[in-house]
Amino acid sequence: MTDFHIQHGNEVAEALRDGRPVVALESTIVSHGLPRPDNLRVARQVEQAVRDAGAVPATIGMVGGRLVVGLDDAELTRLATADGVAKLSVRDLAVAAAAGADGATTVAATSAVAAAAGIRVFATGGLGGVHREAAQSFDESADLTTLARTPIAVVCAGVKSILDVGATLERMETLGVGVVGYRTHRFPGFFVTDGGFDLDWSVDSPEQVAAVLAARAAHGLHDGGLVVANPLPVDEQLDRDLHDRTLADGLALLDRDGVTGKAVTPYLLAHFHSATEGASLVVNVRIILRNADLAARIAVAAAGTVAG
């Protein structure tokens, strides 16, 4: 696990020192994943959801080259409203720090930094993964390889449905990343409840997830992550036909406009927002709030396991 030069927010530093439950949150959703002004409002709501469930939120990001675990509201506002905020994966952190940049951390970077800070649970919307046409482009998110070597539980609504879900699951198996469904044996597809693939393992409570984390530690499995796939209820998902049409149109636009690399996910999410007339944004917010709540309850249970 990598050591980072981290600046802790006061509340997070105190919580970690006292052994209280802490949940890591990414900042990419603030700067790149949601439109303004919804992004800042939602970021605050997500932090409040963590608090309401009994844990301390630790939103991670880079401000003026400082890697902060537990952004305060002024720092969060800066990342939400400033132009030119960089999207930072693990490989970008050193360059951005040297440049004194403002940056939002991806799932990969947030996972790595959180684990280095001693945080065991992380809530996000959806994982990155293997992109469609990856056989030609070799486009695969660093989320996967980072999770293969990072001891953290990531609560998410599966892999973003704009990606190759099946190939992503295969890669996680190869990399040794654990995957459990939360009250399901089907892997969720982010905007939609069912991503089309079975899961071997399911857990039914935050306490069961905490027990898995404790067992991983007891068995010396310190180098890999655990994906906790938390699907939306069927009646809260994006309409399936609307989703499929929007995705097909968005993929065609990607090809037309030659969009590649880090720009793919923000481009497609913006397309979903426009094409669904905001319906996808409502679902996206619902996803992250539900995941923040579950992650906090897992963190509370895990803190009790350690204390016991």
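Counting begins at 1 with the first residue displayed.
Glycine is treated like the rest: Cβ placed from N, Cα and C.
Here's what TrEMBL has on this protein:
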ACT_SITE  Glu26  active site, proton donor
ACT_SITE  Lys160  active site, nucleophile
BINDING   Lys87, Val107, Ser141, Ala142, Asp143  substrate binding site
BINDING   Asp139  Mn(2+) binding site
Specify the secondary structure state of Ser141 (substrate binding site) as given by DSSP, simplified to three classes.
coil
Out of Lys87, Val107, Ala142, Asp143, Lys160, the recorded positions in the record, which is closest to Glu26 (active site, proton donor) when you go by Cα distance?
Val107
Of the residues named as substrate binders, Lys87, Val107, Ser141, Ala142, Asp143, how far apart in Å are the Cα atoms of the most distant pair?
13
Report, in whole Å, the straight Cα-to-Cα distance of the residue listed as 'active site, nucleophile' from Ser141 (substrate binding site).
11
Env. residues of substrate site, Cβ within 8 Å of mean position of Lys87, Val107, Ser141, Ala142, Asp143 Cβ:
Ser89, Thr106, Ala108, Ala109, Gly128, Thr146
Cα-Cα separation of Asp143 (substrate binding site) and Lys160 (active site, nucleophile), in Å?
12
How big is the gap, in Å, between the Cα of Val107 (substrate binding site) and that of Lys160 (active site, nucleophile), rounded to a whole number?
12
Quick check for the class: what is the C-alpha distance, in angstrom and rounded, between the residue listed as 'active site, nucleophile' and Ala142 (substrate binding site)?
14
Lowest local Cβ density among Val107, Ala142, which the record lists as binding-site residues, within 10 Å:
Ala142
Once the DSSP letters are reduced so that anything not helix or strand counts as coil, what is the residue listed as 'active site, nucleophile'?
coil
Sort out for me which one of Lys87, Lys160 has the most neighbouring CB atoms within 10 A, since those are the recorded positions we care about.
Lys160
